[in-house]
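Colleague: Pasting in a structure now, in structure tokens, and then I'll have a few things to ask.
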Amino acid sequence: MEDERITSAEVQSPDEENEELSLRPQTLHQYIGQDQIKHELEVYIAAAKNREEALDHVLLYGPPGLGKTTLAMVIANEMNVQIRTTSGPAIEKPGDLVALLNELQPGDVLFIDEIHRLPKVVEEMLYSAMEDFFVDIVVGQGPTAHPIHFPLPPFTLIGATTRAGLLSAPLRDRFGIVEHMNYYNEADLANIVRRSAGIFNSHIDDQGAYEIASRSRGTPRISNRLLKRIRDFAEVENDGQIDRQLVSQSLKLLQVDNRGLDRTDKKVLTTMIELYGGGPVGISTIAANIGEEPDTISEMYEPYLLQIGFLKRTPRGRMVTERAYEHLGLIDQYMNK
């Protein structure tokens with residue numbers, strides 16, 4: 001398997017992460033899509049500011065690449081407070097958490113990405129920090145060990161996760177605001193593409209923007225990555241102009257089809273069809289046949305194929321749908337099953 005997929009929803013390099021910073025909106029007004037979530041947050045933020053209180057703790061969950069980190073930064077900006085960012089795996093022990101909490105001023109935001117990966121001992125320390133704004137620290141060892149009560153300023157914890165089901169109930173219940181971020185529609189993605197093109201000083205027409213949007217798997221991060229690659233083709237081959245024809249030609253070379261499938265997605269589907277008659281077949285079996293880990297299949301490939309109706313889950317395993325056979329030009333095989 002290739003190390004990097006142009007249609008992956010994950011950040012693929014530090015350079016890409018830095019470039020995302022330049023594309024991020026600063027306010028809810030600038031933030032495109034997720035309209036229901038934005039409306040709710042506008043109300044919660046306005047109410048908290050009117051009461052001069054910290055915003056309630058926020059949990060953002062959903063697939064990768066949908067803007068959870070961006071939204072956390074927008075929330076902090078709208079609240080006119082500082083944000084400290086970290087991730088679950090980076091907080092290895094209680095002392096790491098205490099150091100982060102100690103930096104917070106009243107009302108500040110602590111953002112923890114991949115919060116489902118917090119060590120259990122750290123998670124348990126968060127309970128009192130979130131609920132009552134204090135932590136108890138044990139200092140010393142053996143008979144001399146004793147707790148120290150450490151008060152904290154009121155703050156907002158924003159947790160982000162792609163796997164909300166892995167959060168423990170006690171942690172999940174301490175979030176007053178819980179928002180599920182959904183895949184984006186093509187109109188919103190096209191607006192994101194146009195906005196990013198403007199920041200890149202690239203010229204793109206509406207049809208070009210919609211063509212990129214239609215192949216972006218409902219994910220802004222993928223839209224921006226495709227735009228970057230297509231911009232290269234435009235500058236070299238089309239006087240910097242991005243139109244529908246250039247987008248189609250460029251993505252054909254990059255092996256991204258009109259539904260956003262790349263060669264790995266197609267390999268998953270064709271392996272199931274050619275070796276197992278379209279299924280049902282288990283994730284572990286699919287993974288073994290294409291040289292991937294089962295978790296990689298279930299987290300990176302399966303969600304989008306399920307979303308667009310190319311796969312379905314059954315009690316006996318995954319099955320390729322008629323829609324997928326038709327897309328792959330194999331409808332005769334489906335009819336002859």
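Cβ coordinates are placed from backbone N, Cα and C, and glycine is handled just like the others.
So Swiss-Prot says this about it:
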REGION    1-22  region 'Disordered'
REGION    1-184  region 'Large ATPase domain (RuvB-L)'
BINDING   L23, R24, G65, K68, T69, T70, E131, D132, F133, R174, Y184, R221  ATP binding site
BINDING   T69  Mg(2+) binding site
REGION    185-255  region 'Small ATPAse domain (RuvB-S)'
REGION    258-337  region 'Head domain (RuvB-H)'
BINDING   R313, R318  DNA binding site
Colleague: For R318 (DNA binding site), which of the binding-site residues G65, T69, E131 has the nearest Cα in space?
Modeller: G65
Colleague: When the number of other CB atoms within 10 A of each residue's CB is tallied over all shown chains, which of the binding-site residues F133, Y184 has the maximum?
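Modeller: Of the binding-site residues F133, Y184, the highest Cβ count within 10 Å belongs to Y184.
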Colleague: Can you see whether DSSP assigns R318 (DNA binding site) to helix, strand or coil?
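Modeller: Assignment for R318 (DNA binding site) reads strand.
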Colleague: Residues with Cβ closer than 8 Å to the Cβ of E131 (ATP binding site), same chain and 6+ apart in sequence?
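Modeller: R174 - these are the non-local Cβ neighbours of E131 (ATP binding site), listed in sequence order.
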Colleague: What are the DSSP helix, strand and coil residue counts for the region 'Small ATPAse domain (RuvB-S)' (185-255)?
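Modeller: Computed counts for the region 'Small ATPAse domain (RuvB-S)' (185-255) are 51 helix, 4 strand, 16 coil.
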Colleague: In sequence order, what residues of the same chain, 6+ apart, have a Cβ less than 8 Å from the Cβ of R313 (DNA binding site)?
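Modeller: The list for R313 (DNA binding site) reads L306, given in order along the sequence.
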Colleague: Find, for the listed binding-site residues L23, G65, T69, R318, the residue with the lowest Cβ contact count at a 10 Å cut-off, counting only other Cβ atoms.
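Modeller: Fewest other Cβ atoms within 10 Å, among the binding-site residues L23, G65, T69, R318, is found for L23.
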Colleague: Look up R313 (DNA binding site) in the DSSP assignment and report helix, strand or coil.
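Modeller: In the DSSP reduction, R313 (DNA binding site) maps to strand.
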Colleague: Over all pairs in L23, R24, G65, K68, T69, T70, E131, D132, F133, R174, Y184, R221, the listed ATP binding residues, work out the largest Cα-Cα distance in Å.
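Modeller: The widest Cα-Cα gap among those binding residues is 37 Å.
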Colleague: Counting by DSSP secondary structure, give me helix, strand and coil numbers for the region 'Head domain (RuvB-H)' (258-337).
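Modeller: Taking each residue of the region 'Head domain (RuvB-H)' (258-337) in turn, the totals are 47 helix, 9 strand, 24 coil.
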Colleague: Three states by DSSP: which one describes T69 (ATP binding site)?
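Modeller: Reduced to three states, the DSSP call for T69 (ATP binding site) is helix.
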Colleague: Work out the three-state DSSP category of F133 (ATP binding site).
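Modeller: Looking at the DSSP assignment, F133 (ATP binding site) belongs to neither helix nor strand, so coil.
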